[in-house]
Amino acid sequence: MLATIVKTVFGTKNDRELKRIRRVVSAVNARADEIAQLDDAALRAKTAELKAAHAEGKTLDELLPEAFAVCREAATRVMGMRHFDVQLMGGIALHEGRIAEMRTGEGKTLTATLPTYLNALTGSGVHVVTVNDYLAERDANWMRPLYEFLGLSVGVIFSQQPQEQKREAYACDVTYGTNNEFGFDYLRDNMAFRLEDRVQRPLYYAIVDEVDSILIDEARTPLIISGPAADSSELYKQMNVLIPRLKAQTEKDEGHYFIDEKQRQVELTEEGHQLIESLLVENKLLEEGESLYAAHNLTLLHHVHAALKAHALFHKDREYVVQNGQIVIVDEHTGRTMPGRRWSEGIHQAVEAKEGVRIQQENQTLASTTFQNYFRLYEKLAGMTGTADTEAVEFRQIYGMDVVVIPTNRPMVRKDANDLVYLTLQEKFDAIVEAVRDCVERGAPVLVGTATIEASEYLAQRLTQEKIKHQVLNAKQHQREAQIIAQAGRPGTVTIATNMAGRGTDIMLGGNAEEEIKHMDEPSEELAEKIRSEWEENHKKVLEAGGLHIIGTERHESRRIDNQLRGRAGRQGDPGYTRFFLSMEDDLMRIFASDRVRNMMRSLGLKDGEAIEHRWVTRAIENAQRKVEARNFDIRKNLLEYDNVANDQRKVVYSQREQILESEDLASSVESIRRDVVPEVVHSHMPPGSVEDQWDAEGLEKTLYAEYGCDVPIQRWLEEDKGLHIDGITERVIEQLEAQYERKRAEIGPDTLRQIEKHLMLQILDRHWKEHLASMDHLRQGIHLRGYAQKNPKQEYKKEAFELFQTMLNQIQHELIRVVHSFEVRRDDEVERLEAQRREEAREQAEKMNARQEQLAAPSADGAAPAAAPEGGEAPRTVVREGRKIGRNEPCPCGSGKKYKHCHGKLES
């Protein structure tokens with residue numbers, strides 16, 4: 001009651017927003033006469049003036065009235081279209097990072113030019129996001145004359161576009177493209193080995209068309225770039241033949257490798273190094289005189305280590321069993337087999353080669369993200385749609401974006417009739433066919449919306465039997481589809497469509513004369529006039545028949561989708577009529593309408609073919625839809641929390657990757673990581689708090705020599721200095737490694753070392769990140785089972801994902817220091833060979849790479865088994881740029897509570 005009184009006195013929140021926005025519109029209109037008096041050259045020059053004003057410190061908000069007035073005047077002159085005041089209102093809402101709900105036919109494409117022009121003045125680039133390639137190209141070409149008149153460049157991105165063209169498109173002031181392509185380019189950029197291979201600039205401002213479709217309906221579809229893991233089956237088999245020729249170290253024999261069972265490590269001795277290199281040369285896997293530790297042989301070294309571990313540390317019927325031609329891991333704690341799990345770092349494949357079973361080539365996830373997580377990276381995000389108000393709460397809670405409902409330019413006169421509910425599907429479709437026939441006979445165009453392709457095919461079959469001419473939209477033929485919709489407003493035309501979201505073309509009453517003229521085989525002014533004259537007659541006829549008639553064959557789970565269908569009628573003050581035909585056998589009615597409702601319908605004495613039509617029935621159905629929407633929202637929100645974990649990790653890895661690419665010198669980073677790694681290596685042989693008798697000085701010496709190529713006389717130090725403690729030993733080891741590093745720098749030159757380090761860092765980081773993605777997939781697939789153990793699956797997932805990430809980070813650090821200290825350069829062209837290897841790897845990856853959207857099953861909030869549910873993004877927060885650099889003393893975004901420099905910032909210098 002109180003809420004109603006407040007609303008009556010003060011208006012709704014939307015009313016108050018519109019009142020504020022109208023004041024800004026008045027400021028734009030106040031500049032109209034002044035701008036209209038400028039000639040074309042002076043109008044064009046306004047862009048440079050506005051850019052200069054912004055550079056001198058004026059904000060975009062201060063420049064808005066003049067910029068909008070300039071853009072509107074330019075559109076009037078160049079396009080012959082002048083922005084209405086309601087379009088100015090929509091443009092203001094978009095500039096402020098809101099969602100503008102504008103009805104179909106109100107000119108969203110033209111509206112977007114206003115904030116696009118204003119924000120392009122910064123020089124940072126504006127992205128206009130559409131749902132398909134056809135609309136991106138159409139809108140770009142349509143608005144290009146306006147932007148180019150104003151001195152702005154326009155580009156379009158599309159799939160399979162050459163990289164140079166794509167880079168040029170992103171360099172433009174305004175870039176049109178699809179949500180998929182923008183997202184995939186972001187992922188591909190974060191797999192690049194050189195800065196010049198990247199195409200996107202920093203993400204500044206995006207306007208997303210059909211924003212509800214992209215940020216809500218497509219929440220379930222993560223963007224995944226995958227490809228077959230490099231097929232090294234033959235190399236694993238060759239290694240399997242060579243490794244048995246090496247002997248393990250014993251008390252009597254130095255051997256070729258020694259096993260540290262406590263640390264579960266195996267390392268080659270000096271003699272082992274020489275033997276394996278000669279065997280590799282013998283088998284033409286290594287060139288004569290070349291070192292296994294050369295930087296470009298990192299992959300070969302990786303295979304040697306994997307095969308060595310497979311033979312020395314992994315034993316049949318202890319660490320694994322062979323079942324049905326597959327290697328199945330045995331859990332060391334429970335003794336149970338773990339089907340489907342695989343060891344990382346190539347060990348599983350090496351064991352498969354050892355046992356002679358088929359070496360499995362896995363389809364590996366190379367990179368992935370979700371639309372929510374990608375679009376949150378923009379400094380400012382805005383959206384347009386015809387139907388967002390029903391999801392306003394979700395947009396606000398999840399994305400921090402308010403919905404502003406923009407009024408129509410002319411009053412809406414469309415009639416929305418109550419639903420007709422029949423008992424059976426058969427009766428419903430009989431009634432639909434009769435309703436369509438009635439429309440055709442009266443000369444009214446009719447659009448029939450179906451929820452499924454099966455329903456559209458069934459209805460098309462029924463209409464064919466009744467000899468009613470009709471057209472069915474094919475969702476894959478966007479260009480042909482636009483032509484069908486353009487002429488769907490002709491008298492008596494029947495069009496069946498499965499989904500009306502994102503069609504991008506209005507249905508004009510009487511048809512679209514200009515579209516027909518454009519597609520004439522032999523253009524002539526005489527024929528064009530004839531077409532326009534026919535359109536006048538058709539337009540009049542359709543108006544007399546009541547405008548476009550919309551027939552819905554069933555209610556969708558979401559009211560928003562129903563509203564999208566309804567919104568096709570009644571554009572710009574045109575008459576129109578909409579009605580939904582339902583049956584008690586429809587999915588929504590069957591699931592949410594109780595037997596009592598069905599019995600009540602029968603008790604009303606409904607005969608075959610009769611329907612019930614009442615306001616309370618329509619309201620009851622909308623309540624059922626609200627329940628479904630609320631349930632789906634809860635599922636999406638739950639998934640946001642899961643995806644937030646992976647997203648935080650991805651941002652940390654991509655940020656570190658970017659720093660590596662941009663860094664001129666990585667020596668300080670190597671030094672920082674060395675200081676983290678060495679204490680861990682020393683403590684593994686000399687645990688803190690232990691007495692000297694418990695120290696394994698000899699084992700530490702062997703490890704440092706085998707892994708880092710550094711001969712450190714620890715036993716001699718201890719004999720010479722009885723008071724030497726663990727910290728002192730650690731500091732001396734670090735000094736020895738630093739001295740070795742400096743000798744290497746002097747030997748091969750700082751420039752060469754810098755390039756090799758960058759290559760090694762990226763290669764190691766990428767390989768471990770791919771393996772980590774696979775581990776996260778495995779964790780997510782089984783986490784719901786924790787619910788049966790009375791544990792919270794969400795908390796368990798966060799905890800274990802954090803542990804996995806910490807482990808990955810630790811492995812990267814250890815491998816990086818090991819490789820940086822042990823690689824050898826025996827040829828002058830080492831850097832060129834590394835570059836050639838990188839180019840070849842990039843080419844092979846690009847050929848095999850598969851960019852796709854994939855539906856994922858996700859765990860439910862209560863830990864129940866995975867259900868096909870929407871894939872989400874991040875937890876609620878305001879829409880601000882999240883890609884900023886994290887301060888080293890700030891809390892780490894992963895939630896550990898540690899400072900960033902002591903957690904996921906360890907790879908930074």
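Every residue gets a Cβ built from N, Cα and C, even glycine.
Taken straight from TrEMBL:
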type	residues	note
BINDING	Gln87, Gly105, Glu106, Gly107, Lys108, Thr109, Asp506	ATP binding site
COMPBIAS	838-851	compositional bias 'Basic and acidic residues'
COMPBIAS	857-876	compositional bias 'Low complexity'
COMPBIAS	879-888	compositional bias 'Basic and acidic residues'
COMPBIAS	898-909	compositional bias 'Basic residues'
DOMAIN	3-613	domain 'SecA family profile'
DOMAIN	89-247	domain 'Helicase ATP-binding'
DOMAIN	431-629	domain 'Helicase C-terminal'
REGION	838-909	region 'Disordered'
Between the two most separated Cα atoms in Gln87, Gly105, Glu106, Gly107, Lys108, Thr109, Asp506, the residues recorded as binding ATP, what distance in Å do you get?
17
Non-site residues, in chain order, whose CB comes within 8 A of the mean position of the CB atoms of Gln87, Gly105, Glu106, Gly107, Lys108, Thr109, Asp506 at ATP:
Met102, Thr104, Leu110, Thr111
Most crowded position, judged by CB atoms within 10 A, among Glu106, Asp506 as binding-site residues:
Glu106
Residue, out of the binding-site residues Gln87, Gly105, Lys108, whose Cβ gathers the largest set of other Cβ atoms within 10 Å:
Gln87
Residues near Thr109 (ATP binding site) in space but at least six apart in sequence (CB under 8 A):
Asp139, Trp142, Met143
What residues, ordered by sequence, lie under 8 A Cβ-to-Cβ from Gly107 (ATP binding site) and sit at least six positions away in the same chain?
Met81, His83, Phe84, Gln87
Should Gln87 (ATP binding site) be counted as helix, strand, or coil on the basis of DSSP?
helix
Assigned conformation of Lys108 (ATP binding site) - DSSP reduced to three states:
helix
